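Student: After the structure tokens below, expect a handful of questions from me.
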Amino acid sequence: MNMALISLAIDYKKSPIEVRSEFALSGLDVSMLYRSILAIDNVVHAVILSTCNRTEVYLEISDLRVVDDILVWWQGYVRNPNYKIKDYFKLRQGTEVIMHLMKLACGLESMVLGEPQILGQVKDSYTLSKKNHAIGKELDRVFQKVFATAKRVRSETRIGHCPVSVAFSAITLAKRQLDNISSKNVLIIGAGQTGELLFRHVTALAPKQIMLANRTIEKAQKITSAFRNASAHYLSELPQLIKKADIIIAAVNVLEYIVTCKYVGDKPRVFIDISIPQALDPKLGELEQNVYYCVDDINAVIEDNKDKRKYESSKAQKIIVKSLEEYLEKEKAIISNSAIKELFQKADGLVDLSLEKSLAKIRNGKDAEEIIKRFAYEIKKKVLHYPVVGMKEASKQGRSDCLVCMKRMFGLNVEK
């Protein structure tokens, strides 16, 4: 059976958080998901990946028309009927799927360029697919090559070491000031796009606690709900939250300072304000125990890393392209070897039956020379039957390229 490799994706590039939340498959019974998707006609194998920034389904299928059935399956898990998957999903096919998965596992498709968490998430998805007997040989080979590629990118580049955004750079500054973030409490003010990105960076550092404060608590709750050490709060709770916090990062739209010196005591804190207009009073930095950074400080970090980022990303891309070429060459060899094996099996089948009949006749006293001549004639006819039919059909269709190919296969003169 000829199978095609495809993927369907909902990700942050096309879909905001509220859309991604609707189409997320995380939190559902994994075994049930695999049973239901594999029950769809023409779906042969599957791997389901669901993270905060994306939900993607990788599939081996026997008919491309099954895509519509898969979309219906996915839509069935959406709580709000106003969200239609056809408005948001991206379809990839063949080599594009493998290239995307390699870039994804290496962190090149992430909100945070080079972030390492995605590789672990891809590995977890692969493991769950195997556990549910949902992965086939070809898809397995794809993922093994992806993991090897990601390992090589990690060892041969510094793609995960260069701050690539205001949010990531802000966290870099915070790390410089505090030795052991795992014992610290972090307060993020604002749950917009930058606030969400800050939250993702902070979770990667595994602090003791993350507090996310926002005007509307619902948005903050959507972001924090999947994390045990995270909590959502109203902006009105800031005085109490600041007392607990060791690091305060603001990314919020306000017209006046929402954190001033009156909120803080003698406890040392790191204040990082990436809001415009500023949300944290710069005078906080004048207090001896505090460290204060604003957008200009962060931009300096970004500027320092521009060339590094470009260079490391370019190195990673070259490794991925090379790795994809290696994979495709190996797949060609596998397909070729499989075809050769099948050809020999076919030949064995043609020869064995005729040979046994011929030997039986010789054992029964028939003329051996005549039997061997007849055997050779029958084998010649059987072996050449399908090639002759193929050549006639190619000639009818004007496929001179096929004729040339078949001539080469049989060592014939292609010039005639």
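Including glycine, each Cβ sits where the backbone N, Cα and C put it.
Sharing the features that Swiss-Prot gives for it:
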- Thr51, Cys52, Asn53, Arg54, Ser110, Glu115, Pro116, Gln117, Gln121: substrate binding site (BINDING)
- Cys52: active site, nucleophile (ACT_SITE)
- His100: site 'Important for activity' (SITE)
- Gly190, Ala191, Gly192, Gln193, Thr194, Gly195: NADP(+) binding site (BINDING)
Student: Given Gly190 (NADP(+) binding site) and Thr51 (substrate binding site), what distance in Å do their CA atoms have, once rounded to a whole number?
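Tutor: Just about 21 Å between their Cα atoms.
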Student: Identify all same-chain residues not among Gly190, Ala191, Gly192, Gln193, Thr194, Gly195 whose C-beta atom falls within 8 angstroms of the centroid of the NADP(+) site's C-beta atoms; report them in sequence order.
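Tutor: Filtered neighbour residues, in order: Glu196, Leu197, Leu198, Asn214, Ala251, Val252.
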Student: Whole-number answer please: how many Å between the C-alpha atoms of Gly195 (NADP(+) binding site) and Cys52 (active site, nucleophile)?
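Tutor: Distance between the two Cα atoms comes out at 14 Å.
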Student: Near Thr51 (substrate binding site) in space, meaning Cα within 10 angstroms, which of the binding-site residues do we find among Ala191, Gly192, Gln193, Thr194?
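Tutor: Checking Cα-Cα distances against Thr51 (substrate binding site), none of the binding-site residues falls within 10 Å.
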Student: In angstrom units, rounded to an integer, how far apart are the Cα atoms of Ser110 (substrate binding site) and Thr194 (NADP(+) binding site)?
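Tutor: If we compare the Cα positions of Ser110 (substrate binding site) and Thr194 (NADP(+) binding site), the gap is 14 Å.
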Student: Quick one, of the binding-site residues Asn53, Ser110, Gln193, which Cβ has the fewest other Cβ within 10 Å?
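Tutor: Result for the binding-site residues Asn53, Ser110, Gln193: minimum number of other Cβ atoms within 10 Å at Gln193.
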Student: Can you figure out which of Asn53, Pro116, Gln121 (the binding-site residues) comes closest in space to Gln193 (NADP(+) binding site), comparing Cα atoms?
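Tutor: Checked the binding-site residues Asn53, Pro116, Gln121; minimum Cα distance to Gln193 (NADP(+) binding site) goes to Asn53.
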